[in-house]
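*Asks:* As annotated by TrEMBL, region 'Disordered' applies to 1-22. What TrEMBL lists as domain 'Tr-type G' is 33-227. Annotated GTP binding site per TrEMBL: Ala42, His43, Val44, Asp45, His46, Gly47, Lys48, Ser49, Asp118, Thr119, Pro120, Gly121, His122, in sequence order.
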Amino acid sequence: MLPLRPSPPHLSISPPVSKAQQRLPTLADFPPDKIRNFACIAHVDHGKSTLCDRMLEMTGTIPPAAVSRDQPEQEAKNEQVLDTLKVERERGITVRAQSATMFHRHSDGAEYMLNLIDTPGHVDFASEVLRSLLASQGVILLVDAAQGVQAQTLTVLDEALKRNLTVVGAVNKWDLVKDDGRGEAVLSELSDLLGCAPSDILRISAKTGWGVDSVLDAVVERIPPPPPRASEDVKEPFRGLVFDSWYDSFRGVVSLVSVFEGEVKKGDSITSTITGNDYTVLDLGILSPREISIAEHPDAHSRSLRKGMAGWVVRRSGPDVRSNRAAFLGDTFHLTSAPTPPLESFKPLKSMVFAGIYPLDPGGFTKLEEAIRRLTLTDRSVTSNRESSTFLGQGFRLGFNGSLHMDVFRQRLEDEFGEEVIVTRPLVPVKLTFKDDTERTIDNPADFPDPGGLLKVVRVQEPMIRATIVAPDEYTGAIINLCTSHRGVPLSHTYLSGSAATSTATGTSTALKPRVTMLYSLPLSSIITSFHSSLKSISSGFASFDYEEAPYEDSDLCRMNILVNGQKVDALCTVAHRSEVQKEGREWAKRLREVIPRQQHEVVIQAAVGSTILARERIAPFRKDVTAGLYGGHYERKMKHLAKQKAGKARLKERSIGRITIPTEAFHAVLGGQEVKRKGQAADKDKRKKH
Ligand SMILES: Nc1nc2c(ncn2[C@@H]2O[C@H](COP(=O)(O)OP(=O)(O)OP(=O)(O)O)[C@@H](O)[C@H]2O)c(=O)[nH]1
């Protein structure tokens, strides 16, 4: 039985909002030319979610936030209403693309249905952006007026252009623009990038709401409606693309469908093109942003999801309606009676960062398995396979798009399912070529053969990335040093167009410093831990970073084992570059020394590559003063007692090899990077101080 979790509004287990609770317009009044489907895309923190809040408020989709009684003078605002997950609110980032339907009366007097998707900005959640673009005909590309075009701006724009989507550019945070020409410089930078006139770029402040009405109008005027029917005479049967899914404890899998052709209503029998299974539509509706059922809409013509609309569908029957197989993102549904070919789909990005996930509670495997199954339903870019460890028992090897993705998944397991887990050290996939010319890609360090083993590895390759770093020119030196220390190779170095030069030409003095775009080839493994935070700190937060996959390259990687009293601890072994392995080995031996409790016998911790020991730490045993009860100078008796104690400890140590007990909490601490003192260590130190 799964724990009930605090659900975000549209994942709510309560029934959808009924027509009595929310007045719905007559949906039949919105033919495809009165519908616009668009996504908000931008670099991290450029204000996508805030803009979505303002649009939802201005269109009356959500009520304006109540003014606080304590501070009535302060204007209250809804904050990131589409960021519904706890992890999103705590970290202030969007991790899941969220949709909402709103109704906007344009200045021409006509009312339009706008289906908006708020997307994440971080590169680890790029899969979410990709699926959102499939259900859109256009995008709003936001750029922060203070930061200008950043690395992720370039990537998301590239994705939108690849799909021939209409791009509406907007410079956000205009309230922060001073009279120094900086805003104008960003404006011209963005217009250069989009190849349009600076006057086509919108100036807005999502925070205050200034200029947001112009965004709503631009969506109507510039973003095209869903493509029209091939011929008015031909009746199109229903065809819809599943672009999101979630699990509801009572209703099973709920799918968000973008209707490309025809219409679907309650009671229809629909078929999945991937599984071939048939289902009956039990309920359906729109997200606004809560689920609103339209199955019983007062207007009989408004009870269906029609061409151009995006809405949720709950299905009944079908053998797998409660399993993940019922909810393939990118699946096409059609009417069972009118089969159609599948729509253009998308593949989630390949997992590139793998880690073992084990329940903290050794008996919690089944519960963890169910929680992972439910979570992967809403996050299809996570891959999952079972594995087991001598020390941690049964668990899973999960694959993620990046280390932030991994950390967010771990936190969601905890927030939404109460699952505390141990996450082993992340590893990127490594390609091995053996002496007999066979090749194998591994994602678990335990599969990397030790030198001297039976399997001879003749070639090791690791995945590379092509990193784009955008930063003010003054940080170039520090960034080059950082990339070099992470085994990076420079590819190019160019100045961003627009900015200073353009503004000077127009006679405006500008405070926007010249900025460079640096392209680097870096090993993926070198950026999954601290690269991003180091980049932020050396550039005072001004550098932005993004990357795309590049082919594998030869690398001098080796497997580093951690041994406790000579025994390999499988959960701690790792694969690292030979140039870094010594430093890593020392760090890990030290950290383990901090967390393994003192025992009756000596504990020796070693880091080793094959038979070469790189680092050694020792935890002294407890020692009872066996001579305390003796009086005077009975030297022989003292020695006899000490020798007896020594022999006893040696016997104990012999017996203990092979069954070293490392508490699960110690793994949790050492892998979670927490500073945990060994039990009794602080007390020992205090005692020593007193003496
Ligand atoms: N001054 C000012 N701050 C803004 C404006 N728009 C957004 N912000 C602030 O910028 C920060 C980031 O805003 P978000 O809306 O979360 O940005 P986002 O692009 O959705 O972020 P991710 O989803 O994590 O990529 C928040 O602190 C907002 O309050 C604006 O127009 N003016």
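Each residue, glycine too, has its Cβ placed from N, Cα and C.
Let's see these features in context: how buried, what's close, how far.
*Replies:* The Cβ of Val44 (GTP binding site) has Ile93, Gly121, His122, Gln150, Gln152, Ser544 as same-chain neighbours under 8 Å, each 6 or more residues away in sequence.
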*Asks:* Just checking: which of the binding-site residues His46, Asp118, Pro120 have a C-beta under 6 Å from ligand 1?
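*Replies:* From His46, Asp118, Pro120, counting a Cβ under 6 Å from ligand 1 as near, the near ones are His46, Pro120.
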*Asks:* Averaged over the domain 'Tr-type G' (33-227), what pLDDT does the prediction give?
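*Replies:* Averaged over the domain 'Tr-type G' (33-227), the predicted model reaches a pLDDT of 85.
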*Asks:* Sort out for me which one of Lys48, His122 has the most neighbouring CB atoms within 10 A, since those are the binding-site residues we care about.
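*Replies:* Counting Cβ neighbours within 10 Å, the top one is Lys48.
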*Asks:* Which residues, in sequence order, are found in the same chain with Cβ within 8 Å of the centroid defined by the Cβ atoms of Ala42, His43, Val44, Asp45, His46, Gly47, Lys48, Ser49, Asp118, Thr119, Pro120, Gly121, His122 at the GTP site, excluding those residues themselves?
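*Replies:* Near the GTP site, the remaining chain residues are Cys40, Ile41, Ile93, Thr94, Leu142, Gln152.
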*Asks:* Could you tally the C-beta atoms, other than its own, that fall within 10 angstroms of the C-beta of Ala42 (GTP binding site)?
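*Replies:* Total other Cβ atoms inside 10 Å, all chains included: 25.
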*Asks:* Suppose we draw a 10 Å sphere around the Cβ of Asp118 (GTP binding site). How many other Cβ atoms does it contain, all chains included?
*Replies:* 28
*Asks:* According to DSSP, folded down to helix, strand and coil, what is Asp118 (GTP binding site)?
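*Replies:* In the DSSP reduction, Asp118 (GTP binding site) maps to strand.
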